[in-house]
Amino acid sequence: MNPSAAVIFCLILLGLSGTQGIPLARTVRCNCIHIDDGPVRMRAIGKLEIIPASLSCPRVEIIATMKKNDEQRCLNPESKTIKNLMKAFSQKRSKRAP
């Protein structure tokens, strides 16, 4: 093999190995694909999880797990109903804490 061809071949291999770990596009990964704006009864919620905005997902996510069937519903944090629900949930929680 020609020495200059071997050098070019090695440079190409080095260039390819350097680009292997670089992502082509940044993907946004949020937990909630569909956001529910419908009413939710506080008694029906078993667990309420608030996930703040981060680098992987630019929006705040509120995930409610229902008591009856463990169904998870993504709630709209901008909805007036959900804001009232969050306020009631935090008041209920603060009353329980000693």
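Each Cβ is built from the backbone N, Cα and C atoms, and glycine gets one as well.
For 1-21, the entry in Swiss-Prot reads signal peptide.
Taken from Swiss-Prot, the feature citrulline applies to ARG26.
All protein chains shown were included, and the count of other CB atoms within 10 Å of the CB of CYS30 (disulfide bond) stands at 15. The disulfide bond feature in Swiss-Prot is assigned to CYS30-CYS57 (among others); the stated evidence is experimental evidence.
A strand conformation is recorded for CYS74 (disulfide bond) in the three-state DSSP classification. The Cβ neighbour count for CYS74 (disulfide bond), using a 10 Å radius and every protein chain shown, is 17. Residues or ranges marked as disulfide bond in Swiss-Prot: CYS32-CYS74 (among others).
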